[in-house]
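Copied over from TrEMBL, here are the features:
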- A:130, A:191, A:214: NAD(+) binding site (BINDING)
- A:237, A:259, A:262, A:328, A:361, A:415, A:420: substrate binding site (BINDING)
- A:259, A:262, A:361, A:420: Zn(2+) binding site (BINDING)
- A:327: active site, proton acceptor (ACT_SITE)
- A:328: active site, proton acceptor (ACT_SITE)
């Protein structure tokens, strides 16, 4: 049974704080193992990667078979049914079109002092995308990671996708091809992250690593951060649904279950202004749970982490949303648009009853790689910018150096940085010895 | 003596690779200490912070004196000489004007399917800026961290600035006030980072922490990453100067020394197409070193990590720049602008002989917090965006849900996510039962 809270309860504040602080994932203490794996890959390269893949994935590889061949990819892709191919193509197109709008603009201007200033954006030289194996091997995630990199103009995109016992998801390979991925390595875990960050004889290192993964992958990403760029460390998925009583309880029950079925550590929360409606949604959840194939997972998530919060007005709902900073926020109220405007912290907002979060997972267009575990307070979903970086540009004219140089020299002196000051004053002396033009 | 390399040397490739791989900082293994400090602050709050400050900074504080009072700030600021105040104000104004151009635009559009899509940016609720004490207590860094946060619209900005034995840099306090900082805590080290991330009875936690620091601060930032956002972990500073023989060797010598004087682990590299000119710059460096107050530090940096690389053409210089991905890149050649365009990886570019890097440290306008240690390959200098996050928005119309829903349901089925599919098809069934408008 999910938790029931109401802002009118005298103990609401304490219970809501406890809900926020609830730990949904066990801390797997794999950091020491991961450090050893990374050191092993750095030292022994391909040999280490191959041994670790044999041990963890029960798969024997050679340097020649570390990557899928084009023929293998072709053969796998041929097995994809036409409707799935068409759906994946539609998704890829929509994600591409959305992300093309994110390409940042360069800028250059001359300011009143005569200084030319600006910035320009360039893509990283190579990106590595991690695609989990097994249950969480999602072709949609391949699109969501690879397409922004391609739109950014990244010239080389590598994927690491473990294939335990050799099992391959053909849709993952098709998604990689649709997204323009250059190479797919059938390796996973910390050894894959180490290979992407440090390279081996066979695997050329990349500059940025993104994509979800288990505790080993997360710990490895944290360790290679600095040597390469990484995206956020993703936690279990979550949804907050804000809804009034003018909604179909079954629709919202399915939206709550769509998060819950990801992972028993996922969290689904309903906020409503009508306690009776909350009960009807809860009943619909129970009814749907009976027939779901993943009812064990979804049921555990709903029982352990699900919550229904009754508010007395929508201001309270906005406050709750900002406290939770949900990865996904659905707003199904009569004034959904206005309510959405007032929320500050959320990864993605789905407005109106006809916008189930699942649309955003696949074909909406925006990225489905979103900040979890309240990190929407300070971070954003994956975007084209994650695969680019900004170089600032400055060019002084004689006038601007005359105008700004003395202040720079003064501040350099105050910070005790003599050569900083001299590098400016040596130029000013020459400029001042010459007649101004 | 710096290293001399020439691309025409037979062993250039190996020597350049060795130069890139050269380790400039000892790995201080403080991680276990830092973990204990963070746990202590989480458990005991103010009491832990106060004890650690007494131990490390030889400064006795109470919860009431953890922060500077307005009267203390006023009194300190009064001591700032008028020329330094004017210079700091000029710097603050220029940094503000530059960063105001970085404010990102929200977007919203309706696509051909009838789906409304877009994104909007919001600031983080609170930012914490770390300002090192002692030698590296730079008021310019206060401006460079706090002004982008203020321009982003961050409603609460806190600074942690250790004051060992109570020593205060009045310019740091003035810079904080000019930048609109809300509170200045006189604490430092890992305990300051822990207090900013977790809060204490006195210190309200923040959502994003930025700013440079020593090994303890860096390790603490790495550990709290995820609970709060952090900026890059900064390494020692570096400059790459690309110059032809039509330059004053003394100017470039001073630019090389301006980096070198920061830290004996800093790195200054000159790339030129004229070996004789390289020798003249090296001679000018030696001459200037004799009179510099910080000649010990600058001399050690130049001797241990300085390099002069002779190239046979500018293509090679571009390639070298991209391999190094320097924090600061100065280009002093006849075609400086064209050369700058061709470099992909650099934190900041300073174009032309009249643009010494020191201008950018203070009054240029662009941020001086820049990616070090080759991380310009994948990351950018500090900007307004570091204090904001993007929320994506989607709203389906009946037509767009009819157009996109079936593909979403198909992909959900292929990923084995039944509730995802049902959340879409339940809506489609109702829509299809109604006559299309």
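Even glycines carry a Cβ here, placed using N, Cα and C.
Sequence features, as recorded in TrEMBL, placed on the structure.
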residue: A:130; record: NAD(+) binding site; CB count, 10 Å: 27
residue: A:191; record: NAD(+) binding site; CB count, 10 Å: 29
residue: A:214; record: NAD(+) binding site; CB count, 10 Å: 16
residue: A:237; record: substrate binding site; CB count, 10 Å: 26
residue: A:259; record: substrate binding site; CB count, 10 Å: 31
residue: A:262; record: substrate binding site; CB count, 10 Å: 25
residue: A:327; record: active site, proton acceptor; CB count, 10 Å: 29
residue: A:328; record: substrate binding site; CB count, 10 Å: 26
residue: A:415; record: substrate binding site; CB count, 10 Å: 21
residue: A:420; record: substrate binding site; CB count, 10 Å: 29
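Filtering the binding-site residues A:130, A:237, A:328, A:361, A:415, A:420 for a Cβ under 8 angstroms from any Cβ of chain B leaves A:361, A:415, A:420, in order along the sequence. Mapped onto three states, the DSSP output places residue A:328 (substrate binding site) in strand. With respect to their backbone Cα atoms, residue A:130 (NAD(+) binding site) and residue A:327 (active site, proton acceptor) stand 20 Å from each other. Cα of residue A:415 (substrate binding site) to Cα of residue A:327 (active site, proton acceptor): a span of 44 Å. The 10 Å shell around the Cβ of residue A:361 (substrate binding site) contains 27 further Cβ atoms across the protein chains shown.
For residue A:237 (substrate binding site), the nearest neighbour among the recorded positions A:191, A:214, A:327, judged by Cα separation, is A:327.
The NAD(+)-binding residues named in the record, A:130, A:191, A:214, extend over a maximum Cα to Cα distance of 13 Å. Between the alpha carbons (Cα) of residue A:191 (NAD(+) binding site) and residue A:328 (substrate binding site) lies a span of roughly 31 Å.
Closest to residue A:214 (NAD(+) binding site) in space, going by CA atoms and restricting to the binding-site residues A:259, A:262, A:328, A:361, A:420, is A:262.
With respect to their backbone Cα atoms, residue A:262 (substrate binding site) and residue A:327 (active site, proton acceptor) stand 14 Å from each other. Cα of residue A:420 (substrate binding site) to Cα of residue A:327 (active site, proton acceptor): a span of 46 Å.
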